[in-house]
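The GTP binding site annotation in Swiss-Prot covers 150, 151, 152, 153, 154, 155, 156, 157, 158, 327, 328, 329 and is backed by similarity to another entry. Annotated region 'Disordered' per Swiss-Prot: 362-406, in sequence order. The annotation transit peptide is assigned in Swiss-Prot to 1-65 on the grounds of sequence analysis.
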């Protein structure tokens, strides 16, 4: 999508000199067929800048791509103390130090403007490190993201308590992001999920961190994607995301995870409320499970939900949502064994899902009210290098993280 900036050449050149983090070298030709006598000007790639191609017209400038700064440019704005602080967190994070992971998570969730700059540099370094780790695996994601959603009291924390211990015994490293509700008036939160996991919280191969929603109505906080990136950089291969007790419209976690477990209460019949909840989870998540406790649901209930899911359009040719009855305490139902089915769909499916997760996270992290529309316009543009990011095997190329991508699109597009 091209954008025409109606500025005369002298005024525009003066503006370029004042723009931070952008260096240009203009090449002037002798021909004057464009009317102004200065037919074209091209930027050059200095210090690793991902540059855009420019063409000077008679009274304006045509822009085909956006300018994106790299990690080195962000580092230039940091002080020596801030740079040492970021390097310390990054070194401890990739070494698996839990204290550095907790401090990095606090930094990412901060709303202070200076701390946001430090967090952005840290996230870029973690993402570059993660991409290097994924190269031997042909670019496939190394971590498995699993979401747990459902109404209050459905058994989400019980599932994490018992299945988490089993997975750590098998040699996995788990990171649990337990989301708690926040007060709209005082801003306080009740983060009691970790205290109920008495045995699992003492496991050294598990990292449990409660997080408040901070007024976000999607069931998870807005910084969920950044926190997941930090946990993956720290070496955790399974990420469990427990949402708050949700109703019928909180489905933001489906855009973040690879597979979603939705837990239901006891049902005497398949009513309209559950039909709507199952439909919403199915429409907003590719790999879904609808789970009932064995002591609550009957085979008739599961059969009715299966019949309802058959009427919905399939989003993936290799996957259909499943309905299971499980028991975390007695380990009946094999819920974790069936959960691994989503991992064997193939590397292309995993990469495509990761690309779509990053794309949707970029849309949600808007810096100003209309930035989500700008992101969609950028994605639909034929000049966008990430136009086919959700259909191919590569992730979006415009930024190292959702928040940086959103800011990049707003400022440059």
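Cβ from N, Cα, C; glycine included.
Mapped onto this structure are the features recorded in Swiss-Prot.
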{"residue": "150", "record": "GTP binding site", "DSSP class": "coil"}
{"residue": "156", "record": "GTP binding site", "DSSP class": "helix"}
{"residue": "328", "record": "GTP binding site", "DSSP class": "coil"}
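The Cβ of residue 156 (GTP binding site) lies under 8 Å from the Cβ of 148, 149, 150, 242, 243, 263, each on the same chain and at least six residues away in sequence.
For residue 158 (GTP binding site), the count of additional Cβ atoms within 10 Å of its Cβ stands at 17 [all protein chains shown]. Neighbour density at the Cβ, taken as the number of other Cβ atoms within 10 Å, is lowest among the binding-site residues 150, 152 for 152.
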